[in-house]
Each structure stands twice: as C-alpha cells, then as structure tokens.
Amino acid sequence: MQMVINEMKQKAIYPGTFDPVTNGHIDIITRASTIFPELIVAVASNKNKRPYLSWETRISLLEESVGHLTGVRVVGFDNLLIDFVLEQSAGIILRGLRAVSDFEYEFQLAGMNRKLSKKVETLFLTPAEHLMYISSTLVREIAALNGDISQFVPPNVVRELKKRQNEI
C-alpha cells in the first residue's frame, strides 16, 4: 500500500482553463516539471463558462508551449477534477497562487477536494515575482483592445489571439 501511495505522489496534476495560457502558467509548469517526475497539465472544458478560446485550441497552445519539457503531458478533462486526478492515478493537485486574493478561493477548493478524497493533496506554487500580476482575464482584455500582450504570453498565443481579433 505504501508503494502505491508513493507512486501516486510522484504524479501531479496542474489543472486550469488556460484561456489563454500565460507566461505565469508556463513558469509554474516549468518549475513543477523539475519537482515531479510526471506532470499532467489538465485543461478543463469549463462547460459552465463561455471560454474565449475553444477547448481544442487551449490544449494545442499548451502542447506547443510545454511540449519540450520532460515528463509533461497536456490532457483535456471534462469531469470533476478529483475524479480526473484519481483516474490518472495522481496524488497531487498543483495550483498556482498569484496574490492573497487567490488564496481564499484556492483554500476552499483544496478543502473540498480533500473532503472528496483523502488520497489527494493540494500543493501551491507561486509564479516568479515578475509574473505575479499576469492573468488570463487581463491578457484577453488587453488583446481585445489591440494592446501588446507579447510580454505576458508565449509567441504562439500572441499569434492565436491576433488571429482571433482579426476574425471578430
């Protein structure tokens, strides 16, 4: 039993909508890939929200952005996060915290996930200091007003958002 638990703790899930993926997300993924032998970046379909980018596009942008990292896989999911984590035989949910304002929501989420399964722990990482203010929402707003987002997102995301703006 102990070996199974240890194996589960070797695999982490970093879930999010990544709408779009930002350099803050990339920083967390890159650093987490050096901590965990296996990291699954789990892209939520988020049927309750109206995502700016399609689920397939978000997955593709992430694969292009982190595909070079050893031990990192990008997978879409559309079920309850804790169920997805257990299906993947993972023992860690990795979450990013940018500011104190993120903490309250993330604390509640971690508590709920622990209540749903005691086999899974939630760990938090903060992005590098110069990336803490970046959010997908702010990136979308800047892009919608034709602002320069190149310092906030990977180049493939810049191209995708420009393409999207030209279609509108």
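Sequential numbering from 1, following the chain as shown.
Note: Cβ is positioned from N, Cα and C throughout, glycine not excepted.
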**Request:** Name the one residue among HIS25, HIS68 that Swiss-Prot lists for the same ATP site as THR17, PHE18, GLY96, LEU97, ARG98, GLU106, LEU131, MET132, TYR133, ILE134, SER135, SER136, THR137.
**Result:** HIS25
**Fill in**
Candidates THR17, GLU106, MET132, ILE134 (binding-site residues) passing the 10 Å Cα cutoff around ARG95 (substrate binding site) are GLU106
**Request:** Using DSSP with the three-state reduction, classify THR17 (ATP binding site) as helix, strand or coil.
**Result:** coil
